[in-house]
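Per Swiss-Prot, the features are:
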BINDING   CYS32, CYS36, CYS39  [4Fe-4S] cluster 1 binding site
BINDING   CYS253, CYS260, CYS271, CYS325  [4Fe-4S] cluster 2 binding site
BINDING   CYS312, CYS315, CYS321, CYS343  [4Fe-4S] cluster 3 binding site
COMPBIAS  354-367  compositional bias 'Basic and acidic residues'
DOMAIN    18-228  domain 'Radical SAM core'
REGION    354-377  region 'Disordered'
Amino acid sequence: MTSVQPVPRLVEQFERGLDAPICLTWELTYACNLACVHCLSSSGKRDPRELSTQQCKDIIDELERMQVFYVNIGGGEPTVRSDFWELVDYATAHHVGVKFSTNGVRITPEVAAKLAASDYVDVQISLDGANAEVNDAVRGKGSFDMAVRALENLSNAGFTDAKISVVVTRQNVDQLDEFAALAARYGATLRITRLRPSGRGADVWDDLHPTAEQQRQLYDWLVAKGDRVLTGDSFFHLSGLGAPGALAGLNLCGAGRVVCLIDPVGDVYACPFAIHDKFLAGNILSDGGFQNVWQHSELFRELREPQSAGACASCGHFDACRGGCMAAKFFTGLPLDGPDPECVEGWGAPALEKERVKPKPSGDHSRGTKQGPVALKLLTKPPARFCNESPV
C-alpha cells in the first residue's frame, strides 16, 4: 500500500521557496517629484540605464509565462515614466494584474476615470500623516494636499477600494484612528507598514522609528482595530507582545522565498527593503531572464535553506517573530542571526548601543544634497522639494 505523504504547512512551503513569487515588487524608475526623507530606494533622479519600454514588456511576457498573478509597481514615482500607462495596459492584457504606489501627482480626474474602468489595477496612495503638518514634514510641502486630491478623484470616478499606505513613525502613530477615518471617507483600505532603515531611511531611522512604548501602542491598536487593515509582513517582529496568532499577517521573512524586487535597471534583489549588493541575486538582462534568477540564483538558494535561530534560539518568542526583519538588522549594522533592532524583549536596544559598522548604500539617486536627520519633534518648516522640474 502506497503511503500518502503529508502536505507541508503553508509556512513550510513558503520557507522552501515557490516556483514564482507571490509578491513581486518592480521599481520602474528612480525618478521622483518628491524627496521623502525616509525613501527606501533613495529616489529622485532617473537612472540613464533604466529599462526600455520593450525590455519591460519582455519581462511582463516572462511573468505571464511564470503565472505571476500581479506586480507591485513603485519607484521613485512610477507615473512620471512616459510609457507608464502603456505598460500597465500591456500587463493587464497579458494576465498580470498591477498594483502601483503613487504620491498622486498624475491621478487627475481623467486618469481616475480610466482606472475605475479597469478590473485588474489597484492604486495605492502614499500618506505619512493624517494632516499636512505631519505628512509634509516627511514627504515635502504640498504632498498631503496632492495625495488627498488623488483620493478624491478616485472616489469621484467610482474607483473602489483604493489603498492608503502609511509608514508608521514616531510622529504619526497617534493618528492611526485618523488614518482609518480618512480611508473610510474615500472608500479606501488602510495599509500600514514598518519604517525600515533602508535608503534615505537609514539617515532618519533613529529619530523616526516608534519608541518601545509606541510599538506596544501600535500592537494593541492592530489587535483591537486592525481586522480590515493591511500589514503584510511588516509587524511580525511585534508578535511576542501577545498571544500567538493574535496579530494578523505573515510571520515570516519572505525574502527570496515568496518576495523579491526588480529595480529600474533589471537588477533582482531578495527584498524590496534590502536594496544593497549583499542581497543582489542577479540581473534580468545579463543572467538569462527573471525566471532563471528566481529559480537558480545562489543567493535565493541560500535563503531557502533552513535558517538557524542564532542568538535568538533560547527565546520563547522566536517561533512567532522569527528573529525579525533581515533588512532592519542589516542596515542598522546588527548581525543577521541576532535580534531585530526593535525586538520586543528589549534585546535590540543594547545591541544598537554597541560599536557597529553600518553598511554604505549601494546607490543614491537623491536630487541635490541629502536632508539631514529630522528632529524628534515635528519640523516647524517642511523640507523643500528638491525637484520642481520634470525628474525624467
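Easy rule for this one: first residue shown is 1, then count along the chain.
A Cβ is built for glycine as well, from the same backbone N, Cα and C atoms used for every other residue.
Quantities reported herein were computed from a predicted structural model and do not represent experimental measurements.
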Protein Cβ atoms within 10 Å of CYS312 ([4Fe-4S] cluster 3 binding site), excluding its own: 20
For the domain 'Radical SAM core' (18-228), mean pLDDT (0 to 100): 97
Mapped DSSP class for CYS321 ([4Fe-4S] cluster 3 binding site), helix or strand or coil: helix
Other residues, Cβ within 8 Å of CYS312, CYS315, CYS321, CYS343 Cβ centroid ([4Fe-4S] cluster 3 site): HIS237, GLY240, HIS317, PHE318, GLY323, GLY324, PRO339, ASP340, VAL344, GLU345, TRP347
Structural state of CYS312 ([4Fe-4S] cluster 3 binding site), classified by DSSP into three states: helix
[4Fe-4S] cluster 2 site shell beyond CYS253, CYS260, CYS271, CYS325, criterion: Cβ within 8 Å of Cβ centroid: ASP233, GLY254, ALA255, GLY256, VAL259, ALA270, PRO272, PHE273, ALA274, MET326, ALA327
Three-state secondary structure, CYS260 ([4Fe-4S] cluster 2 binding site) (per DSSP): strand
Integer Cα-Cα distance in angstrom, CYS253 ([4Fe-4S] cluster 2 binding site) to CYS343 ([4Fe-4S] cluster 3 binding site): 15
Chain-internal residues, separated by at least six, CB under 8 A from CYS325 ([4Fe-4S] cluster 2 binding site): ARG194, ARG196, HIS237, CYS253, PHE273, ASP340
CYS321 ([4Fe-4S] cluster 3 binding site) to CYS271 ([4Fe-4S] cluster 2 binding site) - Cα separation in whole Å: 18
The compositional bias 'Basic and acidic residues' (354-367) - residue tally per DSSP class, helix then strand then coil: 0 helix, 0 strand, 14 coil
Least buried by Cβ count (within 10 Å) of the binding-site residues CYS32, CYS39, CYS343: CYS39
